[in-house]
Amino acid sequence: MVWRLVLLALWVWPSTQAGHQDKDTTFDLFSISNINRKTIGAKQFRGPDPGVPAYRFVRFDYIPPVNADDLSKITKIMRQKEGFFLTAQLKQDGKSRGTLLALEGPGLSQRQFEIVSNGPADTLDLTYWIDGTRHVVSLEDVGLADSQWKNVTVQVAGETYSLHVGCDLIDSFALDEPFYEHLQAEKSRMYVAKGSARESHFRGLLQNVHLVFENSVEDILSKKGCQQGQGAEINAISENTETLRLGPHVTTEYVGPSSERRPEVCERSCEELGNMVQELSGLHVLVNQLSENLKRVSNDNQFLWELIGGPPKTRNMSACWQDGRFFAENETWVVDSCTTCTCKKFKTICHQITCPPATCASPSFVEGECCPSCLHSVDGEEGWSPWAEWTQCSVTCGSGTQQRGRSCDVTSNTCLGPSIQTRACSLSKCDTRIRQDGGWSHWSPWSSCSVTCGVGNITRIRLCNSPVPQMGGKNCKGSGRETKACQGAPCPIDGRWSPWSPWSACTVTCAGGIRERTRVCNSPEPQYGGKACVGDVQERQMCNKRSCPVDGCLSNPCFPGAQCSSFPDGSWSCGSCPVGFLGNGTHCEDLDECALVPDICFSTSKVPRCVNTQPGFHCLPCPPRYRGNQPVGVGLEAAKTEKQVCEPENPCKDKTHNCHKHAECIYLGHFSDPMYKCECQTGYAGDGLICGEDSDLDGWPNLNLVCATNATYHCIKDNCPHLPNSGQEDFDKDGIGDACDDDDDNDGVTDEKDNCQLLFNPRQADYDKDEVGDRCDNCPYVHNPAQIDTDNNGEGDACSVDIDGDDVFNERDNCPYVYNTDQRDTDGDGVGDHCDNCPLVHNPDQTDVDNDLVGDQCDNNEDIDDDGHQNNQDNCPYISNANQADHDRDGQGDACDPDDDNDGVPDDRDNCRLVFNPDQEDLDGDGRGDICKDDFDNDNIPDIDDVCPENNAISETDFRNFQMVPLDPKGTTQIDPNWVIRHQGKELVQTANSDPGIAVGFDEFGSVDFSGTFYVNTDRDDDYAGFVFGYQSSSRFYVVMWKQVTQTYWEDQPTRAYGYSGVSLKVVNSTTGTGEHLRNALWHTGNTPGQVRTLWHDPRNIGWKDYTAYRWHLTHRPKTGYIRVLVHEGKQVMADSGPIYDQTYAGGRLGLFVFSQEMVYFSDLKYECRDI
């Protein structure tokens, strides 16, 4: 027993030194790459094998490579086993291209090989690099990238590359070279799923990705449950087997039977034969290494045998070890029925028995015997005919069978034995080639240049023989020939003459002279050894041989520039004067083009801009802030055709302004300096040169901006960034605006309870109980919660003896609320002319039902031009002029006055149309008079800051003075609107949940742009707010109104009103005026006959949101009826009416509108006149 264990140890020890153990023949690539559920970018899923995780990779830059030690083992085994198997279960995304396995390095972007499933091409590509040359082998129609699970087996063995999907062989191909012999592990990295580029990463799921060695493809498929259809043939020994595959130290001398063959032409290319020689050289080295290893193992075994004493029969004698048994020298034994082996000098030599042909049709095989035998008697040959010739071999290549037959006369003989004999036959070896695509050979060297000088061509070729396409493989793609230009030495160029020059002028005009001409040898010049031109460079001849006549022009009788003609008799005549002169040719005078063509040069004033010269003319440069040409010419024709054109500069149009990218360039005209201004777009604030974000749309940025020097307006950080407060009031200077400060005066009393919000009064004393503290009450002892102070002297109207401050006590003042020291009262009704709504008609009650500022006693509502002023009070009754501008105060409005400033210069020629300047002084000649330069209406507000630069009655936006118009004045259901004024009239807040009402300003407009910020600072109620324009009376105006939610008005009389959410544009033309009818018609979204007509309603029905800032912009052009309403939410357009045309009213006043909605902020209000 001990002896057997020793022998077993001797057998195992050398075998374990020769290669890897079984556990090293299969590598789990996920395991040796340390890929698990914690790996960044690897998502774990459930695959077909529930016991093993499947992975999808999303971050390929985090995929770890195979462990370096394992990679070294893998590359070593690949070289030893001459290939590998890659098995995996995969689910590849449809039509994607993904890498299964790749080995890269030693460089950063260098790859040694990769296996890629190319979904778009439906191929499995094996790409490998040898000596910098890229090789690609593709298996076609693989069907992997279809988003279905596949069980794949990729085999790279020897020179074969094949793919099994499931149990089916899909395709196989021959490799040009065994690339695995060149693989390097040092400084290299092996990756699963990671491609060389982003588009080559594997997209899908992977499971059970293994590299397998030692096994055959049949074993691997068998483990996967596949049936072995030809398993017996794989290991069978045929007659063509040249050497038996035995143990590592067992040799064989068996050579199968040979058959005579005719010489065949070599079907292999030179490159293939070269590869074969290279492989044989490598095999020779490997065999030598194995032989040396085997000798060392034998020596080690001999030493062990001597050490332990060895078996008696084998000691000091030759012996062989085979199949766990010892055989003595020259001992012969039977391996199987057809193989015998003999021990000779420690080597086992085996022989295969060759069987003779059977002499019968159905030979029998006896157990234990190798060859078949025929069972018949010796006397069976009697009666048979001679054997026929052998048939053709049953196969065309490889091993097959042949038969021959004989006949017997059974009437006279028993004829024992077979009538047919069978024997084996062996033809030429079968063609085992597989389909392969053609490949180009290397390019041949370039040929010599096709010319010896100048430009020629060189050519190189390549052949489609590396390899040659076979078995239906594809031909090479591309051209087999390349040609490119080559440059030889320059060729010699002979010189040639240029054409003769024209003849020179004759040296004399008569009596014979000389003229000459020349030529040059430059067409071309002689170069590179070429010949020079042959002939003369110069040629001469006689000229003007006639006799000289008497010349009357020798005395220069004509004006310079006029042609003189002489005659044989000595007389002469002069031609016409030169261009730019007038005369008979003898005497010529300068032509004054500037006087004859007065509009040659551009002119904006009386200053001449055309300069006459002798001869000709030229224009001065265009005036400042104009650009154009500067003609220069001679003669009347040039003056008529080459006129000067100067156009005003427009930096906004020319894109030469320096406004911020989020600002709008506004052109002010070429007379202004600067000619434009910059305004930040909605959602931004700043000085226009720099703009920052403005969340609450009140014109102040969220953060401080670094604006230009001394430009602080709209550049300082908003002190209430989430609540519109365009005035930025901050009474206590704590950096928090009053609008969002809970205690504006820091007296410890919150604003909601403070009776003096802007004055420190912690004691809250209020003597008159009007909820206004004594410290801030302008009438501390008189109840006056409204705190009205008409003359702004600090004393409230309720306790003032002179409300308007005109030094006339109230009880004697016929206009107690209007300053009028003269106390004029034309109609004697006790109401002074300054405040009388009918100054020429006696009406002491001053009733004004339609709120148009014209008393009912004198209001006839006859207005032929629809500008809001009845004909007998309109200063241009037949021309619409809602603003009633009259700068010379002559009672005739500017719209119909041919001389607005009454300076004697008609408007169409007046360089200051609105300012008296009869001298029309314009020093810079730009067409704008000096007296109105940069301030056209002379109101002391520069045009760049003037909201109406052509109306001195309006200079800035101001709603501090407004008319409150209740639209439903009767009843006590709700209270009237309560308006709070901020920011010098540029911000109004309506605090009450009120009846419909308007706060309308007193400025009147024709064409106008009106914008403002809308904000509801409460979550209570959901009704209407908006603005009015074109206001002429409480029965005639346009209104833009916005409802938060759809709602039916709670009073269904006199008409039922349905209000839909969203922005509406309506025109009011009420026959009843203020009251219930107009109230319900305003609430209703749609048309109400005799009251309201809806021009547009936002089809998206988007209502306003609580605590959200919106910015509206109105454009109104009464001459064309153009109306457009634009509403922004932040920087985005929320509603846009687009162009709406309506000419019901030709202008009017602007105002703000509310209907049953409290805490509405109207901030950063801005109106601007547009002279259109």
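Each residue, glycine too, has its Cβ placed from N, Cα and C.
In Swiss-Prot, the cysteine linked to Cys594 by a disulfide bond, out of Cys574, Cys577, Cys610, is Cys610. The disulfide bond recorded by Swiss-Prot for Cys948 reaches one of Cys715, Cys720, Cys1169; that cysteine is Cys1169. Classification of Cys408 (disulfide bond) by DSSP places it within a strand. Long-range contacts of the repeat 'TSP type-3 8' (921-956) within its own chain (CB-CB distance under 8 A, at least 6 residues past either end) are made by residues 604-605, 607, 609, 623-626, 668-674, 677, 883, 885, 887, 910-915, 1003, 1166-1169, 1171.
Sequence-distant neighbours of Cys506 (disulfide bond) (same chain, 6+ residues apart, CB-CB distance under 8 A): Gly513, Ile514, Arg515, Cys543, Asn544. Within 10 Å of the Cβ of Cys912 (disulfide bond) there are 24 other Cβ atoms, across all protein chains. Within the chain carrying the repeat 'TSP type-3 2' (729-764), a Cβ under 8 angstroms from the stretch's Cβ atoms is held by residues 718-720, 722-723, 771-776, 982-983, all 6 or more beyond its ends. Cβ contacts within 10 Å of Cys594 (disulfide bond), excluding its own Cβ and spanning all protein chains shown: 19. Across the residues of the repeat 'TSP type-3 8' (921-956), the predicted structure has a mean pLDDT of 91. Straight-line distance linking the Cα atoms of Cys533 (disulfide bond) and Cys486 (disulfide bond), rounded to a whole number, equals 30 Å. For Cys415 (disulfide bond), the spatially nearest entry among the disulfide-bonded residues Cys564, Cys652, Cys896, Cys912 is Cys652, judged by CA separation.
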